[in-house]
2 protein chains.
Amino acid sequence: MSLRLSSPTDYEALLNDYDTWLFDCDGVLWRGDQVIDGVVQVLNILRRRGKKVVFVTNNATKSRKSYKKKFDQVGLEAHVDEIYGSAYAAAVYISSVIKLPKDKKVYVIGQEGLEEELHDEGISFLGGTDPADNTLDSFNLKDFTVDPDVAAVVCGLDTQINYTKLSKAFQFLTRNPECLFIATNEDSTFPSAHGLLPGAGSISAPLRFALGRDPVCTGKPANTMLDCVKAKINFDPKRTIMVGDRLNTDILFGQNGGLATLLVLTGITSEADITGPNASPIIPNFVTSSIGDFRVIESA
Amino acid sequence: MSLRLSSPTDYEALLNDYDTWLFDCDGVLWRGDQVIDGVVQVLNILRRRGKKVVFVTNNATKSRKSYKKKFDQVGLEAHVDEIYGSAYAAAVYISSVIKLPKDKKVYVIGQEGLEEELHDEGISFLGGTDPADNTLDSFNLKDFTVDPDVAAVVCGLDTQINYTKLSKAFQFLTRNPECLFIATNEDSTFPSAHGLLPGAGSISAPLRFALGRDPVCTGKPANTMLDCVKAKINFDPKRTIMVGDRLNTDILFGQNGGLATLLVLTGITSEADITGPNASPIIPNFVTSSIGDFRVIESA
């Protein structure tokens with residue numbers, strides 16, 4: 001059973017109990033280009049009280065640097081080293097967990113942000129934004145040679161997805177059985193400013209289906225993402241809370257990592273998903289309608 | 001346990017026992033543009049002996065008329081009314097099974113062949129080969145209005161697959177909960193002349209994943225395809241045999257329809273898939289290395 005936050009005392013208690021606050025972004029801090037009401041004030045409250053603030057996003061189209069620009073644009077304070085994205089987690093996974101040898105390469109289905117993170121981790125890659133792969137021209141295997149140095153395919157959200165990219169990735173993964181299949185995240189959808197669109201999980205779905213094999217996933221709810229945060233920031237899991245709008249990514253991620261969890265209803269999850277006979281089995285510790293609700297502390 | 005055909009008597013017995021011969025095409029009659037050795041002679045033997053010959057293909061990119069041209073090109077005799085494709089089955093399913101009202105439309109992810117079959121069945125459609133939907137330009141929901149007359153999304157192999165098509169289909173299917181989700185077939189791959197590429201099942205996979213919902217499938221192994229054949233041709237299932245190279249489509253299709261089944265090893269399935277501890281649970285009645293093996297009758 002989740003505790004519904006309502007009185008100023010409830011919000012005060014959370015501020016006293018948790019020193020590190022992990023936030024999902026889309027659907028929690030903003031929707032599309034619109035900051036959710038009260039977020040600026042609430043982040044200020046947290047910073048004034050000396051809380052560590054960390055932004056953990058499955059967004060795989062932006063590097064941390066360009067995600068920082070998104071914060072600037074919408075008028076929210078954030079620092080690059082507070083931002084952890086699934087593209088960064090994928091790059092760190094490749095460079096530091098599997099320790100890809102320097103002479104090996106990665107085939108990318110994804111956008112600039114993923115390429116930027118791979119580059120910053122010193123990983124060679126092909127595909128991605130290469131104009132040769134961003135085409136609707138027909139793909140013929142006759143004209144294609146598998147580069148034997150490609151040791152992994154990494155797949156993030158890619159709105160330039162096309163049959164050439166899928167076919168090339170499929171060749172790397174089938175002709176070399178050692179080739180790793182990595183997905184930045186498995187979000188089925190993502191909330192654009194004007195509604196839901198297919199997410200990164202939908203972009204890797206054709207390969208999953210064609211291969212009959214699931215990728216290693218580096219985004220929430222996988223622990224790879226939390227390992228990334230742990231590598232850079234000291235925090236006590238018992239005094240850390242994950243705030244998110246999705247039960248099967250954000251809340252599960254917090255639970256997998258032994259953190260407290262707070263669900264907000266400004267994004268994907270609605271009241272109907274957490275109450276009644278069809279409620280999800282993933283139960284957050286706390287629920288509030290919006291992160292903006294914490295403003296009640298100051299008006300109290 | 002399958003019977004391995006080897007002696008002229010084995011092949012004679014099959015010709016005596018079955019009057020109607022259903023053939024898969026890719027991997028059975030040809031690979032890419034290359035006819036498999038002996039196929040011309042074997043089809044001639046069947047026709048000379050008065051057998052009914054039917055071609056049942058999950059190919060959804062060609063209409064029956066254009067699939068006939070493929071037979072002509074490779075030098076095989078075939079008539080349009082002997083050809084049953086999954087695009088045709090999808091069109092017949094929409095026009096005759098669900099009886100889509102004439103004022104309703106279908107959104108197409110697919111190629112000319114699917115459009116041609118829909119047109120021939122009198123079904124209005126949008127998407128498909130429309131240049132507006134065959135683009136890698138970015139898709140913004142702000143510029144898109146859901147046409148309330150779209151009552152189904154039909155998805156076949158589409159080598160022009162892109163984010164605009166997926167996003168539009170996703171909108172039709174989520175904003176109108178009554179909207180039907182139909183796939184021509186669920187083949188994970190298809191055999192091109194130079195190797196396997198992602199198949200129609202991989203093209204509908206992003207929508208399945210984003211929606212968390214499976215489509216109605218009109219291709220093999222679904223009975224919809226056999227219903228199509230039955231509507232046009234009289235045959236006795238007990239004296240009918242399905243010849244194919246895929247266990248989970250062709251052979252299962254024959255079994256689902258109560259037909260005898262013959263597996264050939266010129267396509268997807270290899271010896272290793274049907275023998276030993278990891279053999280498939282789908283067991284054909286008969287196995288031969290190639291349909292060309294039936295030539296032994298004439299040289300005997």
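Glycine too: its Cβ is placed from the backbone N, Cα and C atoms.
Note that TrEMBL annotation is computational and uncurated.
Annotated Mg(2+)-binding residues in TrEMBL are A:Asp24, A:Asp26, and among A:Asp236, A:Asp245, A:Asp273 the one listed with them is A:Asp245. A simple way to gauge crowding: the CB of A:Asp245 (Mg(2+) binding site) has 26 other CB atoms within 10 angstroms, across all the protein chains here. Counting other Cβ atoms within 10 Å of each Cβ, the lowest count among the active-site residues A:Asp24, A:Asp26 belongs to A:Asp26. Classification of A:Asp26 (active site, proton donor) by DSSP places it within a strand. Rounded to a whole number, the distance between the Cα atoms of A:Asp24 (active site, nucleophile) and A:Asp245 (Mg(2+) binding site) is 7 Å. In sequence order, A:Asp24, A:Val56, A:Asn58, A:Ser86, A:Asn185, A:Gly244, A:Thr249, A:Asp250, A:Leu252, A:Phe253 constitute the residues six or more apart from A:Lys220 (substrate binding site) in its chain with CB-CB distances below 8 Å. Within 8 A of the CB centroid of the Mg(2+) site residues A:Asp24, A:Asp26, A:Asp245, the other residues of that chain are A:Cys25, A:Gly27, A:Val28, A:Leu29, A:Thr57, A:Pro191, A:Gly244, A:Arg246, A:Asp250, A:Val264, A:Gly267, A:Ile268.
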